[in-house]
Amino acid sequence: MTIGNNPPKKERKSKRIKPVDENAPLLPKRQEDVGFDEFNGASFTGAVFNLSTTIVGAGIMALPATMKVLGLVLGVALIIFMAFLTEASIELLLRFSRAGKSASYGGLMGDAFGKTGRILLQVAVLINNIGVLIVYMIIIGDVLSGTSSSGAHHAGVLEGWFGEHWWNARAFVLLITTLFVFSPLACFKRIDSLSYTSALSVALAVVFLVITVGITIVKLLNGSIAMPRLMPDVTDLTSFWKLFTTVPVLVTAFICHYNVHSIDNELEDSTQIKPVVRTALALCSSVYIMTSIFGFLLFGDATLDDVLANFDMDLRIPYSSLLNDAVRVSYAAHLMLVFPIVFFPLRLNLDGLLFPSARPFHQANMRFALITIGLIATIFLGANFIPSIWDAFQFTGATAAVCLGFIFPASLTLRDRHNIATKRDKILCVFMIVLAVFSNAVAIYSDAYALIKRNPSHRE
């Protein structure tokens, strides 16, 4: 993917002219480069919505299940800790981007580690974003068509309204959603074009949260909710190792690093990127904490990996069925609108990986269309064959997500090509790498051990 230098903008506040690495992925074109006119830069509010939408995706649905493992006190503490660690890693990325005059995450990795670093970044984004988008489709399928867990079937919205029919079967519903929702939204070539859908998606997430909180408060007042577990239930070594299986889920919940440069490049005032990041992280952390607490309060130890699937039962309050449907439909619609935000850097990275020296992406409509169709088809197939969002989170969170969020930023800092890292930075980065490698290695081991116990080999 060949990217030319960006001409300076007129009447842009504090906007630097960023030299661009020709092989850098994750770099959206500025508006005049892609053939749009009169684009004066993205607003602070639009940038916050786009970054918040990147963060608050499907990860929020698995957070109540992490409370079931960790308990409320430790679970909430880890959400706050992860938010601060995410802010620190993004700050490092931005600081080294300024020093190296890199306008993309890929350019920054290429500057520090050469072609190998750039390719590693691209591959990590592909694995992470494909996994996340597969999770989105799985959840939408669960909501609309239902799911089965531990031998129990949880009816979907369409099944509850109309009964079982071929046209509301999971595969067909996902096919229609892919053709008429995901595909049109995936056709935008500039991320700021999605700011209005991002604002709507955040509003839908808030609707989901408000209804969940309201239901929980009503049930608390009528005394139908038991006291939740505050601390993890550790009875043996296996239950201790199981605590680490929540780490990939928490990591995935905060991964937004691959879109930070894209949003920064389109900001009207580039000095606003740090406040944008902090505002988005504060907003999303608040939503995460409230969803985790009230979701776990509402369902307790019966909380499923995808908490939306719990909203198919009689909640024993007035208008239970209506509220259940409102919760599920609002969040399914939220995920449909989040899809293009995560798809944007995925497509750009795959193009940079496969065609590093080709003409600019926006000028090659056939290439743009083929990559878009190929990726959407892959995600659709994955959503129909992967059974659980927990399985997908465990894989992407323990591999690509932890690299994007912590290992790569820490490695860039320790490499310190521009001699700007402080001793405190380097200590923090060593801590990030050790924590990421250890916790995710234990999580993978714990998952593998649990899988082996569920499927023992039969020997004579």
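Residue 1 is the first one shown; counting continues down the chain.
Using N, Cα and C of the backbone, Cβ positions are placed for all residues, glycine too.
Positions annotated as domain 'Amino acid transporter transmembrane' by TrEMBL: 42-446. The feature region 'Disordered' is assigned by TrEMBL to 1-22. Annotation comment: TrEMBL describes 39-63, 69-94, 119-140, 167-188, 200-220, 240-260, 280-299, 329-348, 368-386, 392-415, 427-452 as transmembrane segment.
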Most Cβ pairs under 8 Å with the transmembrane segment (368-386), selected from 69-94, 167-188, 240-260, 280-299, 329-348: 167-188
Beyond the flanks of the transmembrane segment (280-299) by 6 or more, those residues with Cβ under 8 Å of it: 48, 51-52, 55-56, 60, 63-64, 66-68, 72, 75-76, 79-80, 83, 86-87, 202, 205-206, 208-209, 212-213, 215-216, 219-220, 225, 228, 253-254, 256, 307, 310
Long-range Cβ neighbours of the transmembrane segment (167-188) (under 8 Å; 6 or more residues past either end): 137, 140-141, 144-146, 156, 158-159, 194, 197, 336-337, 339-340, 343-344, 347, 372, 376, 380, 383-384
Close approaches to the transmembrane segment (119-140) from elsewhere in its chain (Cβ under 8 angstroms; 6 or more beyond its ends): 25-26, 57-58, 61, 105-106, 109, 113, 173-174, 177-178, 252, 255, 258, 306, 308, 331-332, 335-336, 338-339, 342-343, 345-346, 349-350, 352-353, 375, 378-380, 382-383, 386, 388-389, 392-393, 395-396, 399-401, 403-404, 408
Stretch among 69-94, 240-260, 329-348 sharing the most Cβ pairs under 8 Å with the transmembrane segment (200-220): 329-348
